[in-house]
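Enquirer: According to Swiss-Prot, the feature GTP binding site maps to GLY17, GLY19, LYS20, GLY21, THR22, ARG128, TYR138, ASN139, ARG161, ARG172, THR201. Look at Swiss-Prot and you will find SER38, ARG43, LYS64, GLY91, ARG94, GLN98 tagged as AMP binding site. Per Swiss-Prot, the feature N6-acetyllysine maps to LYS29, LYS34, LYS64, LYS80, LYS174, LYS189, LYS203; the stated evidence is similarity to another entry. Feature annotation from Swiss-Prot assigns N6-succinyllysine to LYS29, LYS57, LYS64, LYS80 (among others). Summarising the annotation, Swiss-Prot assigns phosphoserine to SER37 and lists similarity to another entry as the type of evidence. Residues or ranges marked as region 'NMP' in Swiss-Prot (evidence: sequence analysis): 37-66. According to Swiss-Prot, the region 'LID' annotation covers 127-164.
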Amino acid sequence: MGASGRLLRAVIMGAPGSGKGTGSSRITKHFELKHLSSGDLLRQNMLQGTEIAVLAKSFIDQGKLIPDDDMTRLALHELKNLTQCSWLLDGFPRTLPQAEALDRVYQIDTVINLNVPFEVIKLRLTARWIHPASGRVYNIEFNPPKTVGIDDLTGEPLIQREDDKPETVIKRLKAYEAQTEPVLQYYQKKGVLETFSGTETNKIRPHVYSFLQMKVPETIQKASVTP
């Protein structure tokens, strides 16, 4: 457990559409943690044209997963720059070999699992439509266009991204479940897994904050409670 003067090593997990990305950003800002997102890390390396990014891109272009060894090397290399910081990992580890490799180098204090029912996520993601030219995003449930399928400003048709089509969403969720279930079981056995269940991210977040309040070293919290 995090104690005063100790650095926090945390991981956040959740399916695509669970609110993990937004949640991570808010948590890291509130508690002044370093946020290491595997997606951001890959994009940053691709911009720099690093050797590992070129390798990773070749797998992504073929629709394959980046091998565990390469993903682990990338994440651990970045974590070397954060030895004096408390951090939250987002998108890594994604597989059991990655979790085991991380464990050999760092002791993970807590793993936050955002458990949102797949049916809710499916509705959330498939309700999203975009106007390609401007990037404007509509949500049929919360922010619908004035006319179904039409952009409010230009009158041009809206499209649904391939990733947001129902059949793709179901496939992504099943792939996530198959890949991460062993990771969740691994952390459960270690006694560091904390699962937060619900259908609305805004209602889950306060419980995550309360839990982290007990975990985050006091030295970090002082800054976040100072007006």
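All positions are counted from 1 along the displayed chain.
Cβ from N, Cα, C; glycine included.
I'd like to know what surrounds each of these features in this structure.
Expert: According to its DSSP assignment, GLY17 (GTP binding site) is coil. A 10 Å cutoff on Cβ-Cβ distances gives GLY17 (GTP binding site) a total of 23 other Cβ atoms nearby, all chains included.
Neighbour count (other Cβ atoms within 10 Å of the Cβ, all protein chains): 19 for SER38 (AMP binding site).
DSSP gives LYS29 (N6-acetyllysine) a helix state.
Cβ neighbour count for LYS29 (N6-acetyllysine) (all protein chains, 10 Å cutoff from its Cβ): 11.
Secondary structure at LYS34 (N6-acetyllysine), taken from DSSP and collapsed to helix, strand or coil, is strand. Taking the Cβ of LYS34 (N6-acetyllysine) as centre and 10 Å as the limit, one finds 17 other Cβ atoms among all the protein chains shown.
Sequence-distant contacts (6 or more apart, same chain, Cβ under 8 Å) of SER37 (phosphoserine) comprise GLY21, SER24, ASP90, GLY91.
In the three-state DSSP reading, LYS57 (N6-succinyllysine) counts as helix. For LYS57 (N6-succinyllysine), the same-chain residues that are 6 or more apart in sequence and have a Cβ closer than 8 Å to its Cβ are MET46.
A coil conformation is recorded for LYS64 (AMP binding site) in the three-state DSSP classification, outside any helix or strand. A simple way to gauge crowding: the CB of LYS64 (AMP binding site) has 9 other CB atoms within 10 angstroms, across all the protein chains here.
LYS80 (N6-acetyllysine) carries a helical DSSP state (H, G or I). For LYS80 (N6-acetyllysine), no same-chain residue 6+ apart in sequence has a C-beta under 8 angstroms from its C-beta.
Mapped onto three states, the DSSP output places LYS174 (N6-acetyllysine) in helix.
Under DSSP, LYS189 (N6-acetyllysine) is assigned to a helix (H, G or I) in the three-state scheme. Same-chain residues at least 6 positions away in sequence with a Cβ under 8 Å from that of LYS189 (N6-acetyllysine) are not found in this chain.
In the three-state DSSP reading, LYS203 (N6-acetyllysine) counts as helix.
Sequence-distant contacts of the region 'NMP' (37-66), counting only residues of its own chain at least 6 positions beyond either end whose CB sits under 8 Å from a CB of the stretch, comprise 21, 24, 73-75, 78, 89-92, 94.
Residues 172 of the same chain lie 6+ residues outside the region 'LID' (127-164) yet bring a C-beta within less than 8 angstroms of a C-beta in it.
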Enquirer: Using DSSP and collapsing to three states, where does ARG161 (GTP binding site) fall: helix, strand or coil?
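Expert: Note: ARG161 (GTP binding site) is coil by DSSP, not helix or strand.
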Enquirer: If you average per-residue pLDDT over the region 'NMP' (37-66), what number do you get?
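Expert: When the pLDDT values over the region 'NMP' (37-66) are averaged, the result is 87.
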Enquirer: What does DSSP assign TYR138 (GTP binding site), in three states?
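Expert: For TYR138 (GTP binding site) - judged by DSSP and reduced to three states - the answer is strand.
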Enquirer: What is the interatomic distance between the Cα atoms of LYS34 (N6-acetyllysine) and THR22 (GTP binding site), given in whole Å?
Expert: 15
Enquirer: Within 10 angstroms of the C-beta of THR201 (GTP binding site), what count of other C-beta atoms is obtained when all protein chains are considered?
Expert: 20
Enquirer: By CA-CA distance, flag whichever of LYS20, THR22, LYS29, TYR138 among the recorded positions is nearest to LYS64 (AMP binding site).
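Expert: When the Cα distances are compared, LYS20 comes out closest.
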